[in-house]
Amino acid sequence: RNPPPTLLHPEKWCRGFNHFISQCLIKDFEKRPSVTHLLEHPFIKQVHGKDMSLQKQLAELIQEQQQQGSIAKTRHERIHTRRPYHVDGADKYSLDDDLVNLEVLDEDTIIHQLQKRYADLQIYTYVGDILIALNPFQNLSIYSPQFSKLYHGVKRSSNPPHIFASADAAYQSMVTFSKDQCIIISGESGAGKTESAHLIVQHLTFLGKANNRALREKILQVNPLVEAFGNACTAINDNSSRFGKYLEMMFTPTGAVMGAKISEYLLEKSRVIKQAVGEKNFHIFYYIYAGLYHQKKLSEYRLPDKKPPRYIDNETGRVMHDIVTKDSYGRQFEAIQHCFRIIGFTDEEVYSVYRILTGILNTGNIEFAAISSQHQTDKSEVPNPEALDNAAALLSIGSEELQEALTSHCVVTRGETIIRTNTVDKAADVRDAMSKALYGRLFSWIVNRINTLLQPDKNICNAENGMNVGILDIFGFENFARNSFEQLCINIANEQIQFYFNQHIFALEQMEYQSEGIDATTVEYDDNRPLLDMFLQKPMGLLSLLDEESRFPQATDLTLVDKFEDNLRCKYFWRPKGAELSFGIQHYAGKVLYDASAFLEKNRDTLPAENKLLQQLFSSPLTKTGNLAQARARVTAASRSLPPQLSAGRIKVDTMEVMRHPEETTNMKRQTMASYFR
């Protein structure tokens, strides 16, 4: 047809056009060309100013192709899985996928709908912006890279509900609107929150693909490492989070992952020294014991191979048998070593961590006996020095110093220092307080070290210029046969999350309707603000009353419950008859009965403030939430590593010029668990 010289050869023209379109459709923000680059594309440059002639000839070309019958059919791919997770074509989305589409929205209808979907292993269901995830208690093959690709930058209605879709929505909103995002995971203990957090991190890491594969690997190792130290087996959950965790994944302005930061709150330190019947200590103690046993290193870390240390012994008498025979403990120990290595901990740092953990186990075995003398009846000593010597050696301190620290304390009056002896019970309390504090500070140090190793590379992008997606995974609502101070804290935290949900789903939405003049029926919902006030307000809230009673040396758990009853006169609080140390709370999730035994002791969480040795062991300041302050320090070359260097006979504290942490509290003398918690 003698095409005019301005038109490209049809095949070359189509190839150029296809290449241009493929460039426009790249989903990876790091690799997608900018508009400026696209305008420089050879196809655009060659067709510039020839729109009309090209349009006409393109129409003729299409007509010619149709006559020849060579129109290419689009191929629809299907992902095959072993389960009824239908991912095949345009009819993937069902009205049942979102409960908002139900005509009747009452509890029975919602439960029936969820149960019907659960029977088909459809564990995810939307309610508007919220994703309901039901724990399947089995491994489902719906988290592979194929599924990650499926939930990448597509409309939510394109696929069945999935946790990857929630992660993708947060990621796309962050990149599109240049705004930080937050994913909150809420639910009762054992509902699957921790596993859901893992899956969100997995998908965000996939979406934020950076060229730095090592960084992606490090981020994926963070949760398993922190959970080994912060999770434990409870009566209803084999892998229960015993702390609150907020993980921030940091991205460049174009959406590439560049770092991560983890914050930890309210570790249940009391678990280190005592566990309820049917429960266990933190996972790491069993992992390290099994690992050292199989490496034949128990004697190096002063651990017995027959009778387990007191802190991990239990009523079954099977602890050592499980440590020796359970393959899972050994495998987990290897996995933890792998995590340390991948994230970037040095061998020396890991060795220090093991020494502190085994030092804590040996500390728990120190026993005291009373000494009666002519002048004193309240003096104690350590009759068998083996555990004392073991703990002192592992913590790199002198045995005599440690014994003195545990069996005596200083009182300063009118400028005069008087050394007083501790009774057997008081010495045991100091021993346990030291073990809890050591573990809590070790946990905080590990978290701070992870943050140092995963902070963004300033050469790539400054953290201030980036954006983040935060993932909140806290301990779930708990109601056991016996509920103590730990359950109260956990359940107040869940009340706060419930309030946050109510604010965002109801209150703020309705305010927006009103501000836009939209006539909408006001939705009635249970506002738990009055209950939160009962817990948190000053000076007459439950936590304030607890702190006030904790300051009186003569106070008992009974006087505490009396004080609650006298002051908390509202429908949410009651005191059952015939149970002196019990009180009940009407939570949003139901009634819970609490046993106030040891409430005051757990809240005080005290270490002898005047003890020189313990001051040295615990010299770094804490933040307002009770964590080890991450020193913003100018580190000298000699002090690259942050933990105390465990050397012969003495703890060397790193030589740092430490600046005050912005969250650091200046009043450390009277801090309580309740004040940290608030």
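Using N, Cα and C of the backbone, Cβ positions are placed for all residues, glycine too.
Here the structure is a predicted model, which means the values were calculated and not measured.
Copied over from TrEMBL, here are the features:
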- 94-678: domain 'Myosin motor' (DOMAIN)
- GLY187, GLU188, SER189, GLY190, ALA191, GLY192, LYS193, THR194: ATP binding site (BINDING)
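Here the features listed in TrEMBL are placed on the structure.
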| residue | record | Cβ contacts under 8 Å, 6 or more apart |
| --- | --- | --- |
| GLY187 | ATP binding site | LYS193, GLY476, PHE477 |
| GLU188 | ATP binding site | GLY476, PHE477, GLU478, ALA589 |
| SER189 | ATP binding site | THR234, ILE236, ASN237, SER240, PHE475, GLY476, PHE477, GLU478 |
| GLY190 | ATP binding site | ASN135, ILE236, ASN237, SER240, GLY476 |
| ALA191 | ATP binding site | ALA133, ASN135, GLY476 |
| GLY192 | ATP binding site | ALA133, LEU134, ASN135 |
| THR194 | ATP binding site | ASN223, GLU227, ASN231, ASN239, SER241, ASP473 |
Overall pLDDT for the domain 'Myosin motor' (94-678), taken as the rounded mean: 87
